[in-house]
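Visitor: I am attaching a structure below and will ask some questions about it afterwards.
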Amino acid sequence: MSRLTVGILFGGASSEYEVSLMSASSVLNHINREKYDIVMLGITKDGKWLRYRGEINDIKSGNWVNGNVTPAYVVPDRALHGIIEIGEDGTAKATKLDAVFPVMHGKNCEDGTLQGLFMVAGIPFVGCDTLSSAICMDKVVTHTVMDNAGITTAKWDYCTADVLDNFEPYAKTLAERFGYPMFVKPANAGSSVGVNKATNSTQLKAAIKIALQHDKKVVIEQAVVGQEVECAVLGNRNPVASVVGEIAPKAEFYDYDAKYISDTTDLFIPARIPEAVAEKVRETAVKAYRALFCTGLSRVDFFVRANGEVVFNEINTIPGFTHISMYPKLFEAYGIPYSELIDKLIELALERKFMI
Ligand SMILES: Nc1ncnc2c1ncn2[C@@H]1O[C@H](COP(=O)(O)OP(=O)(O)O)[C@@H](O)[C@H]1O
Ligand SMILES: [Mg+2]
């Protein structure tokens with residue numbers, strides 16, 4: 001096959017901008033340069049699009065913005081099939097892209113909006129399409145689809161700011177349904193941003209207010225007691241599930257700090273669960289993946305109760321991709337090394353373009 005030109009997108013107008021810089025640096029360090037010509041495209045936290053030609057090391061630190069950058073945009077015009085770069089003298093230069101890998105997380109990146117741009121432009125891209133990305137980003141919609149597919153989730157409800165006007169009766173209804181503690185999260189966020197545990201109605205109200213800073217919709221769940229496990233899924237029509245991994249946060253829960261800052265979480269690959277339970281996790285991961293119309297990749301996260309019951313927590317259509325992130329590690333354990341995983345993802349992006 002001739003060399004492909006692949007756009008690697010990083011950053012993004014998202015609360016997970018910094019996480020994307022880490023994920024994308026790792027992808028850039030592992031992608032096979034013999035096979036692909038790479039075009040690096042960074043999007044700043046306030047949404048500026050820039051082609052970057054500097055060192056990969058400066059991406060992680062955030063210094064890339066001050067480096068060798070030129071305004072550049074993915075354009076919707078299918079004839080161009082790529083980006084337009086605007087030079088200092090105002091001249092426009094087009095570069096064709098065979099595929100793009102948006103290594104970006106969260107709002108404006110993983111939620112179908114960006115995917116819509118690639119679909120309009122007719123550019124094959126790694127990951128789920130617009131519909132699936134949007135469904136998976138929104139925990140209310142995801143939970144609704146899971147209920148419909150017969151996949152167990154924690155007992156849940158959602159609310160908007162309206163409940164704050166007459167809060168006590170609402171808190172009472174939830175307490176009767178779930179009991180405390182409860183988990184409160186923005187419907188659309190990620191990386192544990194805005195997620196809090198509440199053990200009484202005062203904390204519940206405070207947690208809802210925090211979550212409302214990130215989204216108009218807030219999900220409230222019964223706290224599940226059990227192990228947290230994750231399963232990576234890869235594929236279009238015939239998705240495969242990886243080895244199951246486990247995260248064991250030493251903190252109260254797997255919050256932003258535990259995920260990216262302090263060294264307070266142990267990872268176990270494979271998860272410390274019986275093989276039959278791991279098989280159930282893999283089956284349920286693929287069932288969820290199909291029910292949510294996923295293609296390309298997703299990481300499906302679960303709780304496993306002491307009795308072996310598997311409870312769906314959430315799905316990430318563009319999971320963390322650093323070399324220590326679960327998704328690549330789980331497929332490495334399955335037998336697909338990191339750089340081959342990137343090859344497969346690009347192949348799946350190209351294949352999907354021709355699927356009806
Ligand atoms: N219902 C729940 N029961 C127990 N722990 C939970 C529950 N929901 C979330 N958590 C904890 O909070 C973390 C972040 O919640 P999650 O739904 O995964 O949001 P995010 O999309 O931000 O990762 C989880 O990894 C887990 O540690
Ligand atoms: Mg999570």
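Note: Cβ is positioned from N, Cα and C throughout, glycine not excepted.
Marked as active site by TrEMBL: GLU16, SER191, SER325. Taken from TrEMBL, the feature ATP binding site applies to LYS139, 183-185, 191-192, 221-228, 313-314. Summarising the annotation, TrEMBL assigns Mg(2+) 1 binding site to ASP301, GLU314. What TrEMBL lists as Mg(2+) 2 binding site is GLU314, ASN316. The domain 'ATP-grasp' feature in TrEMBL is assigned to 143-347.
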Visitor: Please go through the binding-site residues LYS139, VAL184, ALA223, GLU314, ASN316 one by one and keep those whose C-beta falls under 6 A from any atom of ligand 2; give the result in sequence order.
Guide: GLU314
Visitor: Calculate the distance in Å between the alpha carbons (Cα) of SER191 (active site) and ASN316 (Mg(2+) 2 binding site), and round it to a whole number.
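Guide: Distance between the two Cα atoms comes out at 10 Å.
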Visitor: Suppose we screen the binding-site residues LYS139, GLU221, GLN227, GLU314, ASN316 by Cβ distance to ligand 1 with a cut-off under 6 Å; which survive, in sequence order?
Guide: GLU221, GLU314
Visitor: Could you find out if DSSP has VAL225 (ATP binding site) as helix, strand or coil?
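Guide: SS state of VAL225 (ATP binding site) = coil.
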Visitor: Just to verify a number: CA distance, VAL184 (ATP binding site) to ASN316 (Mg(2+) 2 binding site), in angstrom, no decimals.
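Guide: ASN316 (Mg(2+) 2 binding site) has its Cα 18 Å from the Cα of VAL184 (ATP binding site).
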Visitor: Going by C-alpha distance, which of the recorded positions GLU16, GLU221, VAL225, GLN227, SER325 is nearest to GLU314 (Mg(2+) 1 binding site)?
Guide: GLU221
Visitor: Express the predicted model's confidence over the domain 'ATP-grasp' (143-347) as a mean pLDDT, rounded to an integer.
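Guide: Value for the domain 'ATP-grasp' (143-347), mean pLDDT as a whole number: 95.
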Visitor: Sort out the sequence-distant neighbours of LYS139 (ATP binding site) for me: same chain, 6+ apart, CB within less than 8 Å of its CB, listed by position.
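Guide: In sequence order, TYR158, LYS185, ALA187, ASN188, VAL219, GLU314 meet the Cβ cut-off.
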Visitor: Report the same-chain neighbours of VAL225 (ATP binding site): residues 6+ apart in sequence with Cβ closer than 8 Å to its Cβ, ordered by sequence.
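Guide: Spatial neighbours, sequence-distant, of VAL225 (ATP binding site): ARG305, ALA306.
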Visitor: Show which residues of the chain containing GLU221 (ATP binding site), separated from it by at least 6 in sequence, have their CB under 8 Å from its CB.
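Guide: Non-local contacts for GLU221 (ATP binding site): THR153, ALA154, LYS155, TRP156, PHE178, MET182, PHE183, VAL184, LYS185.
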